């Protein structure tokens, strides 16, 4: 093994220009791009202040952004995208995005792609494909699914492999402050974060140590790694292993740990003091707890984000939907079967975003019936006054994204409209625009095409 330059000598040996040149040889050349944005109608007036459940405070409270609202949502590891659990999470934060816009905010939304991680390598090896090709393929499929679901794209869509320089700088700062250390292992000198580096560690999840250790082991952690100061210490930089991608760094060639990727991307694109850090509820610990702690160790901020917001899990056949279980319902598969993306949105919105819930054929059938009712109602020549309905839908959604109540309110208006109970000729158009702007459901009939395999796909 080659001797490594001490941290203090790295700048002297390379210099800033040389360092960037060395890194650039190993970094992804292109910039990750998001998907195209759907058009959104602009409604009369402005929506109310959003209130959301904060996982750290364990209560619903107001979200108070400035003129520009900031949000970081953890993206996919692209080895099997996009199942309905993914869709439910990104639709949740699409609602937040839409409500902020409706309230008059500019939105700076950042989402990452974890395109360097063990599950990706394992799947690529199993399928006999280069891990980069697999990641690119699944990321493109994810983009297509998000566009079909009419999810507003993030301003910054960032691959982990685009952020190696930022990760290295963050790890250097943690090493310098004592928040991180290199394990005493001549073969694999990995860098770890000290779980006790901040006094408030654990505030986001509220879990006791026993629960933390269990979840840490179940969700990508390595509590039994020899040489660690504490079983909960989290990997920051994995020293180079045979057959794995690696990048040069002052602390040896290697690759980033999972949690620090998100810390680096969020800090470099938005900075400290996010309005929302979001994701699925399975990310509360260890991923969000550690990504917040990494950032707090460097910035000195008490909280990485003002709100920690998490979406519930989606199940199928009595179990949580997950890649490891193999019970995935894929958005692309549903689209190939001729299911409209708007029906998928409505099916997932039928339950509250924080609730763990199950997808079923019955849920889909009810969503398709609801979609058809709304379409018929908004093509009627007239309908009941829409002013009160729009106000109530705004209020329900602003109250911790209460989609069940919002959908029920539109149902009631639609049933009256198709029963000719109302004479306002502008009401159907107003409702169609509100449903589009706030819920992301376009009520025009979609175009359908047949692909090369004979699948009927809505666009």
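Every residue gets a Cβ built from N, Cα and C, even glycine.
Feature annotations, courtesy of TrEMBL:
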- 68-367: domain 'tRNA synthetases class I catalytic' (DOMAIN)
- 74, 75, 76, 77, 89, 112, 113, 114, 258, 280, 281, 282, 314: L-cysteinyl-5'-AMP binding site (BINDING)
- 74, 262, 287: Zn(2+) binding site (BINDING)
- 76-86: motif ''HIGH' region' (MOTIF)
- 218-223: motif ''ERGGDP' region' (MOTIF)
- 320-324: motif ''KMSKS' region' (MOTIF)
Item to check | DSSP three-state assignment for residue 314 (L-cysteinyl-5'-AMP binding site) | outcome: strand
Checklist entry - Who sits close to residue 89 (L-cysteinyl-5'-AMP binding site): which same-chain residues at least 6 apart have their Cβ under 8 Å from its Cβ? => result 73, 278, 279, 280, 311
Item to check | Where residue 262 (Zn(2+) binding site) falls in three-state DSSP terms | outcome: helix
Checklist outcome for this item: By a three-class reduction of DSSP, residue 74 (L-cysteinyl-5'-AMP binding site) is assigned coil
Checklist entry - Cβ distance under 8 Å to residue 281 (L-cysteinyl-5'-AMP binding site), same chain, sequence separation 6 or more: which residues? => result 310, 311, 312, 313, 354, 356
Checklist entry - Going along the chain, which residues six or more apart from residue 113 (L-cysteinyl-5'-AMP binding site) have their CB under 8 A from its CB? => result 32, 75, 76, 77, 78, 135, 139, 157, 158, 159, 160
Checklist entry - Looking at the binding-site residues 76, 314, which sits with the largest number of other Cβ atoms within 10 Å of its Cβ? => result 314
Checklist entry - How many whole Å apart are the CA atoms of residue 314 (L-cysteinyl-5'-AMP binding site) and residue 262 (Zn(2+) binding site)? => result 24
Item to check | C-alpha spacing of residue 287 (Zn(2+) binding site) relative to residue 258 (L-cysteinyl-5'-AMP binding site), in angstrom | outcome: 8
Checklist outcome for this item: Longest inter-residue Cα distance for the L-cysteinyl-5'-AMP binders 74, 75, 76, 77, 89, 112, 113, 114, 258, 280, 281, 282, 314, rounded to the nearest angstrom, is 23
Item to check | Within the motif ''ERGGDP' region' (218-223), residues counted as helix, strand or coil by DSSP | outcome: 1 helix, 0 strand, 5 coil
Item to check | Overall pLDDT for the motif ''KMSKS' region' (320-324), taken as the rounded mean | outcome: 70
Next on the checklist: Check the DSSP secondary structure of residue 113 (L-cysteinyl-5'-AMP binding site), expressed as helix, strand or coil.
Outcome noted: strand
